[in-house]
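S.K.: Here TrEMBL flags 124, 187, 219, 250, 393 as UTP binding site. The substrate binding site feature in TrEMBL is assigned to 220.
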């Protein structure tokens with residue numbers, strides 16, 4: 001008994017001690033943030049204050065929560081009817097008045113990211129992906145095509161970050177005559193914190209020059225607060241808009257789907273969904289993607305970062321968790337407003353560790369837009385075809401979308417009818433291809449890939465014009481070697497290694 005008692009006392013003591021430390025950390029953080037705010041010019045004070053308030057709330061929650069935020073034992077498979085097959089939704093057809101339904105929609109693209117992972121400066125949305133068109137060009141073309149076809153007024157809203165705002169606004173002038181109203185708002189700007197001291201590394205509000213590394217945009221979960229704070233949410237509701245379709249600007253498969261929109265606006269049971277997440281079946285390439293589960297009687301998105309270490313392999317299993325989140329989301333505007341006003345949107349915190357150029361270890365606190373699904377009423381997953389998930393994260397992805405596997409029509413990419421099976425080839429380009437400019441230099445023209453299953457390229461390799469790749473092709477130039485695939489070459493089930501030796505495989 002005495003042992004139990006002293007253990008209980010020491011645990012109580014340690015939790016009190018932890019509480020004291022937490023309060024000290026919060027106080028030190030407040031002091032530092034006040035110092036930063038004091039450096040703001042009068043025209044910056046208002047939005048800097050909002051940003052720092054938002055950050056303070058996130059930091060408070062970060063100090064409260066420890067370890068993975070899901071109790072693995074409570075995770076259940078979602079009920080049958082909570083994830084609907086797309087075919088069933090499409091089978092309902094479309095009403096005659098589809099234009100009036102479209103007029104209630106707003107398309108929102110997440111445009112906060114830079115093209116740095118592909119070796120580009122500036123916003124990722126301005127990288128050319130197909131026939132000189134950028135991600136942004138294709139998005140505008142898609143919506144313009146909708147508005148012209150149905151005589152509607154679907155606007156485009158871009159959520160920019162402080163990293164992408166200036167460059168994006170400059171380029172928007174080129175669409176001034178297109179039939180799409182384009183609005184932008186900025187997501188928050190939060191301070192990175194030193195991993196050891198848990199204090200901000202910024203000393204003032206500026207974010208140019210040597211201060212660029214002190215700040216970060218806190219993930220796309222920030223959309224709810226920043227959309228609301230910008231005033232744009234209220235303006236769109238006042239115009240009669242009811243739903244937003246949100247997706248990553250680099251997902252070329254995320255086009256407006258009229259069947260899903262109709263399902264939202266005219267639900268079969270009369271009860272409208274406030275939140276729809278498009279999910280699709282996992283392949284071996286998607287084992288890390290977030291999945292939808294049933295948790296405490298709500299649909300909940302579980303990300304790999306929230307999974308206790310002992311269960312990570314189970315989480316990655318394609319048989320137990322068959323689907324993953326495409327981050328194509330349909331959300332009711334009135335619900336965002338209601339929940340935002342009640343401060344009732346609950347998203348797990350993602351702790352993202354970074355090492356800065358000088359070697360300093362920092363962490364940034366982020367949230368993900370899909371994690372809010374559990375805060376909305378009557379949420380639904382829709383299992384969509386893989387074609388609605390076509391993200392371009394690397395030059396390997398870029399090669400696929402530039403190739404003859406896809407045809408481009410009114411800004412939308414569709415798989416070529418000449419390809420005999422609907423799956424996309426697996427393409428792995430080595431580090432010599434990581435940067436877009438190197439990648440473009442190494443392909444005189446994009447190869448014919450209609451019959452390709454798998455391509456691996458490693459080392460110093462270049463491709464001449466009109467090369468055809470079929471089946472499984474592996475090209476490996478060892479260190480110091482160089483392989484030039486000659487113009488017009490046909491490689492079918494070949495391994496090429498050394499200095500251009502072609503072997504049957």
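Every residue number used here counts from 1 along the chain in the order it is shown.
Heads up, the Cβ atoms here are built off N, Cα and C, so glycines get one too.
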S.K.: Return the residue, from the listed binding-site residues 187, 220, 393, with the maximum count of other C-beta atoms within 10 angstroms of its C-beta.
M.R.: 187
S.K.: Looking only at C-alpha atoms, tell me how far residue 393 (UTP binding site) is from the residue listed as 'substrate binding site', rounded to the nearest Å.
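M.R.: On Cα coordinates alone, these residues lie 16 Å apart.
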S.K.: Distance between residue 250 (UTP binding site) and residue 220 (substrate binding site) at the Cα atoms, whole Å?
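M.R.: Between the Cα atoms of residue 250 (UTP binding site) and residue 220 (substrate binding site), the distance comes to 14 Å.
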S.K.: Quick one: largest C-alpha distance among 124, 187, 219, 250, 393, binding UTP per the record, in angstrom?
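M.R.: Value for the max Cα separation, rounded to a whole number: 21 Å.
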S.K.: What is the number of other Cβ atoms found within 10 Å of the Cβ of residue 250 (UTP binding site)?
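M.R.: Around the Cβ of residue 250 (UTP binding site), 22 other Cβ atoms lie within 10 Å.
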S.K.: Can you tell me how many other Cβ atoms are located within 10 Å of the Cβ belonging to residue 124 (UTP binding site)?
M.R.: 24
S.K.: Can you name the residues of this chain that are 6 or more positions from residue 219 (UTP binding site) yet have a C-beta less than 8 Å from its C-beta?
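M.R.: Correct list: 350, 352, 366, 367, 368, 369.
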S.K.: Measuring Cα to Cα, how many angstrom lie between residue 187 (UTP binding site) and the residue listed as 'substrate binding site'?
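M.R.: Residue 187 (UTP binding site) and the residue listed as 'substrate binding site' have their Cα atoms 8 Å apart.
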